């Protein structure tokens with residue numbers, strides 16, 4: 001069921017408690033290309049998604065109080081600020097991923113970037129953990145971990161080191177990195193799935209790896225508010241417990257599948273585009289060499 | 001140019017000769033003949049000691065709890081100091097005063113690995129001294145005059161300070177600095193461990209906006225923390241002392257040239 005809000009003159013309605021399993025709804029209605037007058041525009045509002053478990057179910061590793069503040073106040077405040085800042089702008093109605101990438105503005109972020117990214121990061125973080133988590137992954141995820149880090153324990157070591165050496169506030173990530181550049185003429189001459197790797201990295205404040213076109217698989221919040229109530233300043237204990245008792249390797253595995261599929265699809269698109277470009281090039285050469293060509297083929301073949 | 005620092009500022013730098021004397025009182029009896037070789041035989045170390053805040057850890061209750069200070073000073077500040085000493089153990093950056101060390105390791109914006117630890121040790125020393133039990137309220141005398149001159153009124157300054165603290169995203173500090181070039185007071189917000197000393201400015205008051213400074217007491221209510229700091233903790237005594245020192249380096253007024 002979709003809800004729409006009538007946003008009169010850019011006003012923001014206070015957020016109601018979200019229904020369980022709520023999803024983002026968004027569409028700015030337009031009539032025949034003409035924008036509706038401002039007062040009658042139907043605007044989309046991003047919602048605060050609840051974690052897929054109750055706030056006390058992660059005890060004793062992450063207390064109910066922490067979740068009440070971390071999700072209930074910090075995360076909620078970012079959602080509210082984001083909605084305030086995008087109301088009435090072009091970003092209103094876009095999906096959250098898009099808002100994050102656009103507002104990052106290639107390293108010169110807009111003011112709303114911190115809110116958009118923190119909403120994204122926290123959604124991602126709540127999904128990454130579960131009651132009774134921990135253990136070891138299996139299947140393709142474990143294979144790739146062993147291929148790219150040597151062993152599961154080595155990957156954990158590197159993840160812990162990233163989380164502990166992130167100075168100040170920030171996040172540590174396990175990402176799937178496709179071997180491609182976001183530059184028009186940079187072409188990978190031998191694209192293969194083997195060139196894509198799992199990588200551990202850390203980012204400051206609100207930055208997250210989707211702005212670099214990576215596919216995040218796992219995140220840990222190392223802002224102090226994430227662990228100070230439960231662990232005080234012992235970040236190392238928090239990170240260890242996170243990895244041993246909270247991480248949901250199933251979710252990470254699913255994300256890996258999605259990431260691999262996405263990378264494969266983009267590789268296929270790149271390939272088709274390259275073939276088209278090649279065809280265009282050879283065709284234009286042909287036109288140049290044979291001056292009196294009869295055929296009138298379009299170069300955009 | 002090293003500033004002459006009152007004892008309250010400098011983390012104790014143990015003079016090489018003193019350290020030697022402390023540690024080889026037993027060796028002196030054994031190796032009388034090798035008196036000239038003492039300095040070679042004994043390993044001499046300078047280190048940066050952790051200074052105590054100038055009040056007991058529970059003196060700032062209820063605005064900053066004892067537990068916060070136990071963790072903030074006892075674990076975090078101490079941790080920075082230990083890490084710094086470990087890093088400098090075999091380093092060419094030996095025997096500097098804290099301020100020199102910070103400026104050197106800042107390296108004009110390309111900080112060396114020791115910078116974070118050095119700056120955070122200094123920042124926290126400065127922060128403890130920027131607060132006092134029964135603090136807050138209004139400054140007086142020269143500090144008040146300068147604030148009124150540069151901000152219009154004390155309440156303007158207070159609002160600006162609180163606003164600046166609320167606007168900080170992530171970890172960092174809010175400072176009242178005396179800008180040496182502009183010769184005026186200014187409120188400055190810095191991230192992580194950045195300290196206005198690196199620009200040659202003179203800090204007068206600082207507020208730690210890292211979450212570990214307030215999370216146990218205020219959780220996410222940053223506004224209450226900052227307001228309590230302004231109303232009950234800020235030490236205008238320290239600010240006055242620092243301004244007086246600063247005036248030795250920055251000319252804040254018109255010189256009083258006597259007319260013949």
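FYI, residue positions are counted from 1 along the chain as it appears here.
For all residues, glycine too, the Cβ spot is worked out from N, Cα and C.
What TrEMBL records for this protein:
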BINDING   B:72, B:124, B:208, B:212  Mn(2+) binding site
DOMAIN    B:48-131  domain 'Manganese/iron superoxide dismutase N-terminal'
DOMAIN    B:142-241  domain 'Manganese/iron superoxide dismutase C-terminal'
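All features noted in TrEMBL, drawn onto the structure.
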residue: B:72; record: Mn(2+) binding site; Cβ neighbours (10 Å): 25
residue: B:124; record: Mn(2+) binding site; Cβ neighbours (10 Å): 26
residue: B:208; record: Mn(2+) binding site; Cβ neighbours (10 Å): 24
residue: B:212; record: Mn(2+) binding site; Cβ neighbours (10 Å): 18
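Mean model confidence of the domain 'Manganese/iron superoxide dismutase N-terminal' (B:48-131) amounts to 93 (pLDDT, 0 to 100 scale). In the three-state DSSP classification, residue B:212 (Mn(2+) binding site) falls within a helix. Within 8 Å of the centroid of the Cβ atoms of B:72, B:124, B:208, B:212, where the record puts Mn(2+), the same chain has further Cβ atoms from B:73, B:76, B:77, B:127, B:210, B:213. With DSSP states grouped into helix (H, G, I), strand (E, B) and coil, the domain 'Manganese/iron superoxide dismutase N-terminal' (B:48-131) comes out at 51 helix, 2 strand, 31 coil. Mapped onto DSSP classes, the domain 'Manganese/iron superoxide dismutase C-terminal' (B:142-241) shows 53 helix, 24 strand, 23 coil.
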